[in-house]
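Trainee: Take this structure, written in structure tokens, and hold onto it; I'll ask about it next.
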Amino acid sequence: MTDWGFPFGRLTLDAIPLSDIVTAHGRTELLSGITGSAAAGAAVLGALVALVIVTWKGWWKPLWSDWLTSVDHKKIGIMYIVFSFVMLARALAEAFVMRMQQVVGHDGGGIVMPEHFAQLFSTHGTIMIFFMAMPFLTGMINYVMPLQIGARDVAFPVLNSVSLMLTVAGGIILMVSLVLEPFSTGGWSGYPPYTEAAFNPGAGPDYWIWAVTLSSLGTTFTGINFAVTIYKKRCPGMTLMRMPLFTWTALCTSILMIFAMPPLTIATALLALDRYLDFHLFTNGGGGNMMNYANLFWLFGHPEVYILILPAFGVWSEVFSTFSGKTLYGYTALVIATMAIAVLSFTVWVHHFFTMGQSANLNAAFGIATMLIGVPTGVKIYDWMLTMYRGRVRISVPMLYALAFLFLFTIGGLSGILLANPTIDYQTHNTLFLVAHFHNMLIPGLLFGMIAGYTMWFPKAFGFRLDEKWGYRAAWCWIFGFMGAFFPLYALGLMGMPRRMADYFTGAWLPWTVVALAGAGLIVLAFTFLLVQLRVSVRDRARLAVPVGDPWDGRSLEWGLPAPPPEWNFPALPRVEGRDAFATLKMTGEDLGPPDDGYEDIRMPKNAVLGPVIGALGTGLAFALTWYLWWLALPLAALVPVVLIAQGFRRDTEKVIPAHEVRETWRAFRALAARTPRVSRRAEYTRDNRGHAIPMPQEAAE
Amino acid sequence: MRAAALRWPLPFETSMACAACLASAQAAQADSFLDAAGPVAAAQVSHLRLILILMAIVVVPVFAATPWLVRRYRYGRARGDYRPEWKFSLLFEVLAWGVPFLVVIVLGTILWERTHQLDPYLPVAEAKAPPVVIDVIGYDWKWLFIYPEQGVASVGEMAFPADRPVKLNLTSDTVMQSLLIPRLGSQIYAMKGMRTQLNLAADGPGRFEGRNTQYNGKGFSAQSFTAVAMRPGDFESWVAQARAQGLPFDEKARAALEHKGTKLDLRHALGMPDGTVVHFAAAPTALFDKIAGMKETGE
Ligand code: HEM
Ligand SMILES: [Cu+2]
């Protein structure tokens, strides 16, 4: 290789969205250029504002030493979720533009050009899956799971930070692609041969390949980390069958991550070989076969949707039981159902391409396997309903989401059963019916679950509740916004409207796209309300404070800790005697106690720079490879092993929290709890709720 | 308490919305398979109905019981008993696993049967006459329909006699595509170096919208065509006219087809006026075999 791509590789001025305005012919091209430039401008401006604020407030040092280099699972969890909110904002904005385009694009034209529209659905899908949903649930598990099993941190804290930074690196690549265009137009699944160099020689598919590769590596590490944590770091007495259901779903999701992410990493790596080194793995000619890609991708892709949904199922289990003031119905059945789903999820991938021309036997077998997953999923729905049975149901904000979930998810499941039938799929495949179906699973299932979990555990992480008034407003907007935005797509799909279509000439589709736009508008409003809620809650944090840490009469260990918990979580590792560990303690008038035989020094991992360094190297490498900056790519690639080996020589990796500090902290907390009156559930949403709960059964007995 | 003000519009709203969706989809003017015009699409609609009805067994309990549960066990004004430790009932457990399982067994049996009946590779069962064979090549962003028996070809229009079924052989000279004519029936992918098959039939004469459903670049949304089921005599004259007035299938035609462009661009490239259909007075069957068989020739 004699051309080192110095200094700009194949990067030219065309990459800047403003150039689209300069070269625009006609209205749509101009509007498209303006839309793209505005998005790029917003990204740059946002980054600049963030930099200025951090500098102005002198936050660089705390940002670096308290957050970016932290290996505390709680802080890493929070960073994951903050990141996913930022990405959600972008992907939602893109969704809104697409909905808008499908209204004004009737009879051709519109506000974005077809290639631009294709970038929008590709980035929207890629972000929503890899950089919104995955970080959200990974953050949630990171925060909650170690607390639920009575651990001080995950098994590999530094690896945890590396995973986070790899994911963020992928997200940064996606943000960069807004400013230096174009991104891929191949959708979130990136099917070759369309994404091969013969058809798309530009930088787009390469951006996609590297962003997804970074994220898939991060997720594989996360899966290993969580699984080992759950197997190895449970506190005494926390047998597997005593684990809270959220932790069970975290375990199953981690196992799925370990087995499902490698096929994706391999698929993108092989595609990269095709594109960079002229291999012929998935090409049209030379013996290539794109069907291998489809199989690899969905070998990842289907388990992936269960990676996404299982943690939400875990949240729903906690929500239904906590807000019904009752133990979970059918714990064992729920565990079995979760595991059954996890196993079955590897046996159904062909349903993503029933239309590829394979035999009826094969299609029918995979169709039936797909329908079988409906059984354990149905069991879960019924078990949650039975959890409310003979309970005391409080329609709190998380519970409102949960009830909406029961209805909406059932509709999504119904459309899923329809799609599992190859005969029906022959009609609805690649149409908006499919788009409606998967959003119907992902929004009421996953996203509502994550928002419910965020609402439920936020007070634990920050010491104050999220304002409920704005919480209800946001929830109603999400619910009706979802129905408005996606029920019309079922109709459009049945009316034959394909997915990924920028313009059309079928008048009958228009009214439905208008309704869908209105729904998308409500969803944007819902997201805005969530931001307002955060703002209002921070402002009113004195009124909303719950320092004693148990605002919802919680049932698992984390609710016995102060809000926010100290870095070391537990003053002594708890000893657990059954399910609903904390609920049981409360009933006997006890709480998480101090250690029986005196406080001891606690060893905690020290901060590590490895995560941010790997993240920076990953970002740089992905960027250099995308734009053919070989002079940059080579040294960066060489640095990765150097850095990893250097990490191996780090010896001073632990710090000691002295016993007296642990003792003082815990005593101060117990004293605060003793001063704070316990409140009944009636006062849950008032300022009297300081996080000290009267257990529901006691309240009912009075 | 704020929550006390909440009512329960959800089940009502959702079921209404669904009903409305389905109903008006049927009435709408778009080419929907719910408005079936051939035996395959009709069988798909009836299968769809059957699934919806059977699924009601597992769906309705959720819609009915959830509001009931919330009303009866609502904190603050509950009428039911409170049993915070109640967590298992054999009866409910058997129902929760058993009923969905039985439904899936029934649905699965039907699925197996229908999937074999509607296998796109099999001739349409209801058809009485032998099929018209059409070789279809997907280009960016148009379809070429080749009639080996009739010795003609066309772009943008797939004519066939209404009293005979059609047998499509598909391939693609570019990226993967998917051909769907909703009112007639199923879709199937077209891939380079491979031949896939699709059997369809129409109930009677009519014009049906068909298209590619697999995104393949900026001209994607324009990659549609009209499937025209003709009275037998009309089809004869359609063929005769294509033979007499169609363009020759020469290098120019081939280059124009391979050039990335919509069927409109193709017309311009071949010097045809707007609003006309491109016909060729030849059937380039060798071309189809070559594109579909690239694997074997090792090209
Ligand atoms: C919240 C409001 C949302 C709206 C309004 C929305 C809207 C859309 C639209 C308009 C499309 C393109 C449909 C087409 O192909 O014609 C799309 C595609 C997609 N969306 Fe969403 N979406 C939303 C949320 C989500 C969420 C939460 C996820 C995942 C967690 C998601 C994942 C996807 C994926 C994977 C695609 C497919 C992209 C592709 O075609 O490759 N969306 N969405
Ligand atoms: Cu799947």
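Here, residue 1 is simply the first one shown, and the rest follow in order.
Keep in mind that glycine also has a Cβ here, set from the backbone N, Cα and C atoms.
Annotation source TrEMBL lists transmembrane segment at A:34-56, A:77-97, A:117-137, A:158-180, A:207-231, A:328-350, A:362-379, A:400-420, A:432-454, A:475-497, A:509-532, A:608-625 (among others). Look at TrEMBL and you will find A:58-577 tagged as domain 'Cytochrome oxidase subunit I profile'. What TrEMBL records for A:683-702 is region 'Disordered'.
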Trainee: Residues sitting near the transmembrane segment (A:400-420): Cβ under 8 Å, six or more positions beyond its termini, same chain?
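Mentor: For the transmembrane segment (A:400-420), the sequence-distant neighbours (Cβ-Cβ under 8 Å, at least 6 residues beyond its ends) are 316, 319-320, 323, 351, 367-368, 370-371, 374, 377-378, 381, 384-385, 428-429, 433-434, 436-437, 440-441, 443-445, 448-449, 451-452, 455, 472, 475-476, 478-479, 482-483, 490.
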Trainee: Across the whole of the domain 'Cytochrome oxidase subunit I profile' (A:58-577), what does the mean pLDDT come to? Round it, please.
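Mentor: The answer is 97, the mean pLDDT of the model over that range.
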Trainee: Given pairs 6 or more apart, does the transmembrane segment (A:158-180) have at least three Cβ pairs under 8 Å with the transmembrane segment (A:328-350)?
Mentor: no
Trainee: Top stretch among A:117-137, A:362-379, A:475-497, A:509-532, A:608-625 for CB pairs under 8 A with the transmembrane segment (A:207-231)?
Mentor: A:117-137
Trainee: Looking only at residues six or more beyond either end of the transmembrane segment (A:362-379), which have a C-beta under 8 A from one in the stretch?
Mentor: 330, 333-334, 336-338, 340-341, 344-345, 347-351, 354, 413, 416-417, 420-422
Trainee: Any residues 6+ beyond the ends of the region 'Disordered' (A:683-702) with a Cβ under 8 Å from its own?
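Mentor: Cβ under 8 Å, 6 or more out: 325-326, 392, 394, 396, 459, 465, 468, 543-554, 563, 583, 586-587, 673, 676-677.
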